[in-house]
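Per TrEMBL, the features are:
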ACT_SITE  Glu439  active site, proton acceptor
BINDING   Thr156, Gly195  FAD binding site
DOMAIN    22-150  domain 'Acyl-coenzyme A oxidase N-terminal'
DOMAIN    292-454  domain 'Acyl-CoA oxidase C-alpha1'
DOMAIN    491-671  domain 'Acyl-CoA oxidase C-terminal'
Amino acid sequence: MPAISKTINKDLKEERDKVKFNIEEFTNWFYGGSEKVLEKRKIENYFLSDKSLNLETDTSYLSYKEKYEEAIRRSCIVYPKMLKLHQELGGTEEDFRKIMDNLRYTMSAIQKEGNPFMLHFGMFTVTIMNLANDEQLSEWLPKCVNCEILGTYAQTELGHGTFIKKLETTATYDPKTKEFVLNTPTLTAYKWWPGNLGHTVNHAIVMAQLYTKGECCGIQPFIVQIRDLETHKPMPGITVGDIGNKVGFQTVNNGFLAFNNVRIPYKNMLMKSSKLSEDGTFIKPKNAKQNYGTMVFVRVYMIMDVVVNMSRAATIATRYSMVRRQSPINPNDEVEPKIIEHMTQQYKIFPAIAKVIIYKCMADNLRNLYQQITLEGTKGSFERAPELHALSCCLKAVCTNDAAKTTEILRLACGGHGFLNSSGFADNYKNATAAQTYEGENTVMLLQTARFLIKSFTKAKNGEKLTEGVFYLNDFVKRNGKREPFDDSIRGILRAIQAAAAGKISSAWKHIEEKKKFLTVEEATNQTGIELIRCAELHCYVCLLQTGIEEIEQIIKNVSPALREVFKNVLELYAIDNVLNMIGDILQHVDMTNADIDKLQKRLEAVLTFFRSSAIGIVDGFDLSDAVVSSTLGTYDGNVYENIFEAAMKSPLNQEDVNKSFHLYLKPFLKSNL
Ligand SMILES: CCCCCCCC/C=C\CCCCCCCCCCCCCCCC(=O)SCCNC(=O)CCNC(=O)[C@H](O)C(C)(C)COP(=O)(O)OP(=O)(O)OC[C@H]1O[C@@H](n2cnc3c(N)ncnc32)[C@H](O)[C@@H]1OP(=O)(O)O
Ligand SMILES: Cc1cc2nc3c(=O)[nH]c(=O)nc-3n(C[C@H](O)[C@H](O)[C@H](O)COP(=O)(O)OP(=O)(O)OC[C@H]3O[C@@H](n4cnc5c(N)ncnc54)[C@H](O)[C@@H]3O)c2cc1C
């Protein structure tokens, strides 16, 4: 075995020495201030320094069952610590969010293939907070917060996930006993997919069709105990289990669930929005979509997960590319360059770094908007709910699609070693791609946004004033078919993307109108689906760039000149990369010449060159510890070859010189050929 030295790699040190801005200043911005950075480091250390977690174990070699058991063991260390910390901090909801925000990063070191408790707070508790009335809240919330019970969110069934109106599970009210009777009428009605359901939780929010007085009142949320608190055996009438191996998320314990005349008390239907009187009279909610609130919450939080996911992947690829040397640029060069010297390598990595920053601005904004609009809802005003729904749907889709795509680009940027499990890309990719499907399949999400855009465009054509996020449609209609002139300032690029989005929405609108002459409006909309998803994507790019511009304009007022340059270049890179990637859409609606495109290409190359000296500072500034980065290629010290070698030594096959398969199969086979 070679001698392994663990000083900082000199190539990486050389890169860090070139950084012109104060990395800690960037970190302070990224986490919202120096106090928050200290708090994050403290919280992370509080969890990760716990030796009993055995984080050195490479869990990727464990069997499916062992992985699950190890994940539960780790959660049963992390969650008591979390509850203790929550009490120490003050026990408020804000304290809880603080821990959760930081755990988001820390958990990627502890539960690489997913957390078997993630649905308990993320969806079960949140649904109770959103949809329980005061009485129900005081009964259930303390049990949730103290983890006296563990719950999940059981909505999707074997036959339906997207179209939730057609869920088949029934909850029939029996006014004589004041109970609901839950049933799974068919195989396709089995709850299928809910996380943590298989063998972990003992309670679930079950979304079921409410039947009362012989009528169906649509899907409503019910709290159902599914396992005995003492024995953990399924409750009478309950069939529950694990759905088996998946592409990823192996330790999330996604499960199935069926009911055979399971009786639950009247008080277990969550009644903040829809209500049922004890005699069985159904009272409709003020807003029919209130029951979908938890999904909106999760979609909002998922953008923050994208930031975590992409910041990890970008950190790995950047550090590796500054250590790996290959392929002289001039054939006679003696020394091979760092692979980051190759312009194409910069183009794979630097736009990803810029996106982390823009998505982070967006995630923070979206969370604020969610909080405002939820507050309005508690006061009975739901006017802005469709806008939030439309925005969260397209962002969920575009950002998770991009996280999966970017992880793959960054893995490829690390060549062969990127394909090692120890590179960390596999877990990143599997988590990113799961997010493309869960909480609303991405095409379906884009079509929801497009529905809002088409409605908004109709309003704009009728001269009605629109909500702020779609003002640009009013401008488009006012231009009355005149093409947008191209102006290459950053705001000019935004206007070009707005024109492309509005133009696409306008032609999708026109095509639906044409098709409506022969088809129903729904059929016409379906036939226009390909254009509609592009409308939603372009609208999302508008929102992202607009938010990026507005946030960065504010940020640069408050940072040092050196960091100001970095943010300006982040915006430049993000905007130019974006516009060049949608040039076809832009050319349809904007007066742009070949010379404009050449100029943009030159600016792209220039900004990548600038980024060369900032990239390592930015990724170091994401402040991800080695445990969180969890990659042989991405450690802070840059000792990639030593790390790769050490990781290979952990292979179970390397624990003995000769594997028994030699004696059993190989030797007889070789002998038979003599
Ligand atoms: C004191 C201490 C306290 C501590 C408390 C702690 C609390 C916790 C705090 C912090 C915790 C932080 C943790 C965060 C962690 C979060 C992450 C958690 C991890 C979770 C992992 C996720 C696992 C995955 C879970 C799932 O997948 S669940 C299943 C999800 N399923 C779906 O998403 C299904 C997708 N389908 C749909 O959404 C709908 O079917 C549809 C596609 C929207 C269509 O619906 P429907 O058929 O009813 O609609 P239409 O008839 O077509 O009508 C459309 C109109 O409706 C409007 N609409 C639709 N939805 C909404 C909405 N949500 N809001 C508003 N309006 C909506 C739409 O606009 C249309 O309107 P119209 O005017 O055009 O008609
Ligand atoms: C890892 C993971 C975790 C999950 N966790 C949970 C959980 O905790 N709780 C829970 O309840 N569920 C959970 N789910 C289920 C998840 O929410 C659904 O799988 C998801 O909403 C997609 O629904 P579906 O499976 O019915 O897809 P389908 O709707 O069957 O999608 C199949 C295809 O049909 C297309 N399609 C469907 N409808 C339309 C339409 N209207 N227009 C155009 N195309 C359409 C889709 O675009 C897709 O290409 C999880 C799923 C996964 C993968």
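Note: Cβ is positioned from N, Cα and C throughout, glycine not excepted.
On the structure: features taken from TrEMBL.
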{"residue": "Thr156", "record": "FAD binding site", "Cβ neighbours (10 Å)": "19"}
{"residue": "Gly195", "record": "FAD binding site", "Cβ neighbours (10 Å)": "26"}
{"residue": "Glu439", "record": "active site, proton acceptor", "Cβ neighbours (10 Å)": "22"}
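With DSSP classes pooled into helix, strand and coil, the tally for the domain 'Acyl-coenzyme A oxidase N-terminal' (22-150) is 100 helix, 0 strand, 29 coil. Rounded to a whole number, the distance between the Cα atoms of the residue listed as 'active site, proton acceptor' and Thr156 (FAD binding site) is 10 Å.
You'll find the Cα of Gly195 (FAD binding site) roughly 11 Å from the Cα of Glu439 (active site, proton acceptor).
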